[in-house]
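Pulled from TrEMBL:
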BINDING   90, 100, 128, 222  substrate binding site
BINDING   222, 246, 250  Mg(2+) binding site
BINDING   280, 281, 282, 283, 284, 285, 286, 287, 288, 289, 290, 291, 292  NAD(+) binding site
DOMAIN    2-351  domain 'Isopropylmalate dehydrogenase-like'
SITE      135  site 'Important for catalysis'
SITE      190  site 'Important for catalysis'
Ligand SMILES: NC(=O)C1=CN([C@@H]2O[C@H](COP(=O)(O)OP(=O)(O)OC[C@H]3O[C@@H](n4cnc5c(N)ncnc54)[C@H](O)[C@@H]3O)[C@@H](O)[C@H]2O)C=CC1
Ligand SMILES: CC(C)CC(=O)C(=O)O
Ligand SMILES: [Mg+2]
């Protein structure tokens with residue numbers, strides 16, 4: 001089983017190191033090869049996603065990814081910015097289905113900024129379409145406006161775009177995921193304003209007819225943002241487009257206690273996957289040894305489950321994470337009074353010991 005290890009920038013290197021440590025003690029025939037991606041790849045090779053890194057990722061059974069980006073690259077031309085590396089990997093590998101499970105571990109109920117009764121027992125699955133929408137739609141750019149409110153002024157534009165087959169395939173993913181859970185899907189869009197969202201909703205309804213055992217409801221994205229903090233447990237599977245899913249999943253991360261707890265799996269139609277925490281490279285805490293590695297460790301568990309067919313090993317990692325939380329060990333982001341604050345490295349070591 002060949003795994004491409006792409007730590008990236010900022011806390012990416014720190015958290016991936018802990019996940020690799022965890023994978024190594026599992027006693028599985030894993031062949032791991034590391035490569036540069038993001039800002040560090042730009043520094044070394046002049047491109048955030050070097051040909052060799054993309055080749056390695058494409059030839060692997062799975063990719064374990066940290067995060068890319070740093071404010072210092074914000075002035076680079078867009079194609080050279082670190083974030084293009086993760087977008088390029090998603091596009092080139094066809095990783096259209098992004099699973100972001102938001103689970104509130106019992107021990108972290110008090111770590112969230114929300115009231116304990118709102119989040120205790122929370123287990124929702126956000127399914128985000130990952131290769132379409134405004135992040136990839138063409139045309140985009142800057143120009144001088146010839147119409148609109150300010151003709152003659154500089155303007156910028158992006159294109160929000162979804163095709164029927166793109167929506168159909170993510171709909172099937174969502175309904176099939178719901179069949180394995182509580183058989184409820186909430187499709188989130190903005191059909192009261194956007195054409196893409198109207199097509200999204202129409203296709204969800206059509207595909208839903210093929211899954212009569214699954215209950216489908218719809219919610220506008222602004223309301224969904226509100227309901228996620230008002231009554232998050234009313235959701236089970238939430239399916240939405242690329243940009244809405246990006247935003248709502250960061251919001252949902254706080255239901256679990258911290259963004260450092262939210263893993264993700266991005267899958268293509270061949271079962272190949274890229275696994276990464278839902279957060280970014282956190283330049284504000286990079287190099288301090290305080291980042292929470294659990295989202296990345298839990299992403300490694302998802303990798304074993306979804307791409308490498310190692311359910312038992314995935315369950316072992318998830319149980320080990322639960323155990324270290326039971327032991328009262330916390331990185332700074334999930335610390336609360338009466339628990340023991342540990343570093344990134346100590347948290348990784350504790351998971352290894354628990355295994
Ligand atoms: N997939 C990727 O590689 C992603 C990259 N980014 C990039 O990351 C950079 C920083 O973006 P931000 O908006 O600050 O988002 P971010 O997710 O990196 O950080 C947001 C906040 O959460 C905290 N945080 C994030 N992960 C944490 C962890 N594991 N443990 C403890 N605290 C954690 C950070 O310290 C920060 O205060 C940007 O360059 C952005 O483009 C952002 C999101 C995803
Ligand atoms: C570069 C961004 C699209 C990454 C991000 O924010 C995400 O995937 O959550
Ligand atoms: Mg995001």
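The backbone N, Cα and C atoms fix where each Cβ goes, and this holds for glycine too.
Please treat TrEMBL annotations as automatic predictions, because they have not gone through curation.
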Excluding 222, 246, 250 themselves, the Mg(2+) site's Cβ centre has within 8 Å the residues 221, 225, 243, 244, 245, 247, 248, 249, 251
Smallest Cα-Cα separation from residue 246 (Mg(2+) binding site) among the recorded positions 128, 190, 222, 290 is shown by 128
If we take the Cα of residue 190 (site 'Important for catalysis') and draw a 10 Å sphere, the binding-site residues of 128, 222, 292 inside it are 222
As a whole number of Å, the Cα atom of residue 135 (site 'Important for catalysis') is distant from the Cα atom of residue 282 (NAD(+) binding site) by 21
Given the binding-site residues 222, 246, 250, 284, the candidate whose Cβ has the fewest other Cβ atoms within 10 Å is 284
Ranked by how many other Cβ atoms lie within 10 Å of their Cβ, the binding-site residues 100, 128, 288 are led by 128
Those binding-site residues among 128, 246, 250, 286, 288, 290 lining ligand 1, judged by a Cβ under 6 Å from any of its atoms, are none
Here the Cα-Cα span from residue 288 (NAD(+) binding site) to residue 250 (Mg(2+) binding site), rounded to a whole number of angstrom, reaches 22
Argmin Cα dist to residue 90 (substrate binding site) over the binding-site residues 280, 282, 286, 292 returns 280
For substrate, with binding residues 90, 100, 128, 222 per the record, max Cα distance (Å, no decimals) returned as 26
Should one count Cβ atoms within 10 Å of each candidate's Cβ, the binding-site residues 282, 286, 290 would be headed by 282
Filtered by Cβ distance under 6 Å to ligand 2, the binding-site residues 246, 284, 290 reduce to 246
